[in-house]
Amino acid sequence: MIKTKEVTFVTILIVLCVFISTIHAKRYIEYPIRLDLGKGCDPRFPTAACYKRTPANPYRRPCTTANRCRRSTSSTRVPSLKTFVEIPPM
């Protein structure tokens, strides 16, 4: 009885080893692609080059009338600096 169990166990082990060896195992687990990572970046080992760069200070000064910025709704004409400061010829 014990001999039969040993033979059955060894036979099952051999069959399992044959089936396991024929399966093509992957070297690593493939994760779904994340959109915030750059192309070719590994999510397990992200580097600074993988992420989209954002400026340290994204604040921009607003455009004022004194700066004479281009405006689409501006109907008033801003006078130039020469009209405010007229230097008489000497």
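Each Cβ is built from the backbone N, Cα and C atoms, and glycine gets one as well.
Because the structure is a prediction, the values reported are computed rather than measured.
Here Cys50 is paired by Swiss-Prot through a disulfide bond, and of Cys41, Cys63 its partner is Cys41. Cα-Cα distance from Cys63 (disulfide bond) to Cys50 (disulfide bond): 34 Å (rounded to the nearest whole number). Of the listed disulfide-bonded residues Cys41, Cys50, Cys63, the Cβ environment within 10 Å is emptiest of other Cβ atoms at Cys63.
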